[in-house]
Every structure is written in C-alpha cells, then in structure tokens.
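According to Swiss-Prot, the protein has these features:
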MOD_RES   MET1  N-acetylmethionine
REGION    1-28  region 'Disordered'
COMPBIAS  1-15  compositional bias 'Polar residues'
MOD_RES   SER6  phosphoserine
DOMAIN    21-111  domain 'RRM 1'
DOMAIN    110-187  domain 'RRM 2'
MOD_RES   ARG228  omega-N-methylarginine
MOD_RES   ARG261  omega-N-methylarginine
REGION    264-286  region 'Disordered'
Amino acid sequence: MEANGSQGTSGSANDSQHDPGKMFIGGLSWQTSPDSLRDYFSKFGEIRECMVMRDPTTKRSRGFGFVTFADPASVDKVLGQPHHELDSKTIDPKVAFPRRAQPKMVTRTKKIFVGGLSANTVVEDVKQYFEQFGKVEDAMLMFDKTTNRHRGFGFVTFENEDVVEKVCEIHFHEINNKMVECKKAQPKEVMFPPGTRGRARGLPYTMDAFMLGMGMLGYPNFVATYGRGYPGFAPSYGYQFPGFPAAAYGPVAAAAVAAARGSGSNPARPGGFPGANSPGPVADLYGPASQDSGVGNYISAASPQPGSGFGHGIAGPLIATAFTNGYH
C-alpha cells in the first residue's frame, strides 16, 4: 500500500504513542522496498508493521523507514548486531522515540519585553511610564557587563495580566521621546524546548546572527541574557520574534543548537541567517509530520541534526539592572 508519503505492508502508522518494539531504519537504499525490509528484519522476530517512507510527489524512497516488532526483545537483538547491510548498503537501525510536543506560546503573562529604549533612559523612567497602566511589580534593563551601558531593552512585570493585554494592544509606546516596542515575554521553554536547554548556554554568541537576520538591530544580544542562567532569573524569558510563528520555534532552536556545536555559516545567506527552507530536526529533514501523523511524531535515537547556517555572534555578556534588587 502507499499513502501519505509512506509505503508499508501492514499495520497502522497513526498511533503516536511510544511503541517499545518500533525501530527507525536509516540509510536505506533507494531500491529497498517494504517487502525486502521485512524479509531482512524478520530473522530477528515477528514483525507487526513495516514501512518505507516515500516522497509524496516523486514517490521515491526518502532513504528511511520504520519496523515494528511484536516483541520488544527483538529490538535488542537488532541492536546487538554491530553491522546491518541490505541491498548492498549499510543501514542504521535505531530505537524510535516519540517526538515531544513543542511548548505553546504564552498568551497570558504578567511580564512584557520592552525594546528600542534610548541610551539615556533609566529603569526608573521605564517603571514610571508603565505605572499609568497598572501596578508594576518589577522593572529591569539589560546591561553590557563591559561597558556598563544598557543595550536598549528590558522587561517589566505587572501585578495583573490584564494590564499586559492593554499595554501590548497599544504595542508602540513613547518613553523619553523615543518609540519603544512592547511584546509579551515568552518562557525559555518556548525558545528552547526540552532537550535543547542543556546546550542553550552556548547560544549567546551564535544567536546574534539570528537576531540580526530578523532585523532586531535595536536590541541585540537578547538571547545572550535570557537563557544564560544568571542568578535570580527564574523562570527565564524569551522575546516573541516579530512575525515568527510559534510552530517554527522548535526547528529554530534545533538549528541554533547545531550552530553552537560548531556549524559554519551559510555563504549563500548574508548575515548567517538560514533560508526559509532550511531543515529543522531530523524528523523534519526526513519529511514533515503532516505526511504521516504517526511517523511524524517519531525521531531516531541519537540521530544527528543538520547544520543551521548560523554565523558567529558579535557581542559579549550582559548583566541586568532591576528596579528591585531581587535579581542581583
């Protein structure tokens, strides 16, 4: 059978729950069919489902597939064999794990991001301005540790979430004769989903290229501050990039992590910002989740992620100055 970019011999691919008997098979030959894949792995145990993923347009194999054993012990047998070859090509079987759901964007919050502040604006100016909308619990500006000058952006926390709605509805505000932009602050979990946060500490100097690519020249180094783990920043927050869909946060974070690992910049893209079609995590590289609701929720264990095209950052560490001293 052939449907939704896959070709299999039995079973259903619509079950997104983790199946301990399910394996991701990478490195398949273009000639490998579900039948030949089944024939090879049947020597390890009874196979409940077998499929080769295909491009929905060209119908060509995408070079990977899935095999689900009736007995999870068969997976150990496969992994216990150091070398696997099928159709004169070395293949790479791995345990398939469900892909975690991406955190949703926060719609109700007490904290806002304020960007585009003038150089002479101090934290008291920011607090005084926003108090006209409601009680301010805290206000802070982000400072460069080297120059001890603020970088043109900060955060304000209100006592009431409704105040945030009112402030962000206006969007642009004038403080000290300069228009500033206000956005809802987003938890770090949105910026760096679980599994990438451990490497997020390496991002400050690689994400600058991304920030510049998004046109955020007015307040660079934002991610260098939030996600750096400075004392008192609990929870950390990120800025909701203008015009950037929430669904894209996962691939961007993955690409940034790949950049932190040492990927070079993309010479075809000035500023180091990846193209619109740059691949995301391995599941996106092999095909969008929409092709198959069950398969799209799986990734292979320890499979590499593609490079991102992010360049190196340009600025140094930041520190925060807050209206209250709870952040120092």
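From the backbone N, Cα and C atoms, a Cβ is placed for every residue, glycine too.
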Residue counts (helix, strand, coil, in that order) that DSSP gives for the domain 'RRM 1' (21-111): 19 helix, 34 strand, 38 coil
Averaged pLDDT score, the domain 'RRM 1' (21-111): 90
